[in-house]
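Asker: Copying in the features that TrEMBL gives for the protein in this structure:
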TRANSMEM  59-80  transmembrane segment
TRANSMEM  127-146  transmembrane segment
TRANSMEM  166-185  transmembrane segment
TRANSMEM  197-218  transmembrane segment
TRANSMEM  277-296  transmembrane segment
TRANSMEM  316-339  transmembrane segment
TRANSMEM  351-370  transmembrane segment
TRANSMEM  437-462  transmembrane segment
Amino acid sequence: MCFSLFFFFKTSSPLKPPSQMAGQKAEAKKSTNSNNVPLFSSKVTDLDVKLDNEIVYEFGGPLGVVGMMLGFPSLMYYFWICLEHHQGKLIVPAVWSVEGIKSFFWNDIYAAVIDGARPTVYAAKIYMGYIVFSFILASIMPGPVVNGLPIPSLKGKRLPYLCNGLAAWYFTLPFSAFLHVTGIFRLTDIIDNFGHIMTIAIMWGFTLTTLVFIASHIQGTNHRMSGNLFYDFFMGASLNPRVGVVDLKMWAEIRVPWPILFYISVSCALKQYETRGYITAPAAFMVLAHFLYVNACQKGEECIPTSWDMFYEKDGFMLVFWNMAGVPFTYCYASIYLMKFEETTGIAITHSLPYTVGLFVALVSAYYIFDTGNSQKNRFRMEQNGSYIARNAFPQLPYGHIKNPNYIKTAHGNLLLTDGWWGVVRKPHYTADLVMALSWGLITGFGSFLPYFYVCFFLVVLTHRVSRDMERCAKKYGKDWDRYCERVPYIFVPYVF
């Protein structure tokens, strides 16, 4: 991707969604859609603008975000070393002294990184090749155009999003199989060069964050700036950076991390197949788990434009780095642990049939709630937005779209869904997500903490995100939010929490 393109980011796009083509007059006359869901008002209130511009230091403020920007990459290297050289055991200095710590750093950490995780040309070709490939597909593949939510900083304007993730995904799958079978690019090279590729991803995460940050300043598209360089770099400057028809935030969130995560698990499974001649149930489990996740993201991409990340979060280090490097190279620990344990001991991790079947059932059941829960809320939101489209992407699960849903209409004008899974708890998709994350660890057994890092980290992230959401909704909806909380009193688990 040509770096100069980043200086032509736009907060709007020439794309014209079907709703615009139909004419604004016809659209204005509608007050409800065919599912009896009232449409959003395009008018942005003073409260919307106030909340959108409100600056609240999170994550410990400037000092906290500097710690995270330095700590995240360091932790990734440390965990990789534990997996690569110590069967997933967390290592510490043999002697807690100045000399012992220095020896630990230079001999155990630095030497391992230089040997197995230094940036290489081949690793750059693999990772950046996929980045460019993914971006090209996002630019040229066909797909529906969906409007986002009214953006307060753009006076209620709805930005159009080209949702061609599904077409890109189903082009990528056979194309990657072709590359592997023909030997042009063996997918096992991913895991063989994992440390090197991870370093390239870390470098790219910092690079892209910097490019977007600089471009935003040059174009004058900064939004909700605190005035502290470190904090604004972490949270981001631009809300909707774009290159042509590609919204960089949605591309980074959907097209990059989850496919890479999937192919890391595929690489591990193929490596096992080359060694043993078959793939064990735990390795197959991880491939299925990551396929379900990435496929859900692609098939439901049209729901993303109305999500919180697109509407509110800026495109800074928090989103860019974590999508480019953090997600694919830390959420894969279960797959890597399974492979490294077998390489080191010569014994593949397996479990009893009831335990294995139970985990497969738990994964698929949780996925069902995750998929349909996200579909219910996002399609409800799209119906309010006037951007709902029916799609038949695989798999379309029953109960993913609620007919004539129950809701609370707020004085603000927005609707709070109280039907389907959302009438049981306030965050059903988070609960299902956590169950899936836990199953990724359980399939590896209990020999290492690292396969459970994802679920532990995710629990912290979701708890923080829920607290942000609850606080913001309380400010925005007032007494209507109290009424909603009375109707749906539990957040994650009915009658528990």
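Cβ coordinates are placed from backbone N, Cα and C, and glycine is handled just like the others.
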Asker: Does the transmembrane segment (166-185) come close to the transmembrane segment (316-339), meaning at least 3 CB pairs under 8 Å for residues 6 or more apart?
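Answerer: Contact absent: fewer than 3 Cβ pairs fall under 8 Å.
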Asker: Which stretch, 127-146, 277-296, 351-370, tops the Cβ pairs under 8 Å count with the transmembrane segment (166-185)?
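Answerer: Between the candidates 127-146, 277-296, 351-370, the best contact partner of the transmembrane segment (166-185) is 127-146.
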Asker: Could you check whether the transmembrane segment (277-296) packs against the transmembrane segment (59-80) - three or more CB pairs closer than 8 Å, residues at least 6 apart in sequence?
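Answerer: Answer no, regions not in contact.
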Asker: Per the definition of 3+ C-beta pairs under 8 A with sequence separation of 6 or more, do the transmembrane segment (197-218) and the transmembrane segment (351-370) touch?
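Answerer: Stretch pair does not touch.
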Asker: Give the nonlocal contacts of the transmembrane segment (351-370) in its own chain as ranges (CB under 8 Å, at least six residues past its ends).
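Answerer: Counting only partners 6 or more residues beyond its ends, the transmembrane segment (351-370) has Cβ contacts under 8 Å with 281-282, 285, 288-289, 292, 296, 397, 421, 428-429, 431-433, 435-436, 439, 442-443, 445.
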Asker: Cβ under 8 Å to the transmembrane segment (437-462), counting only same-chain residues 6 or more beyond its ends: which ones?
Answerer: 79, 82-83, 87-90, 282, 285-286, 289, 330-331, 333-334, 337-338, 341, 349, 351, 356, 359, 362-363, 366, 427, 430
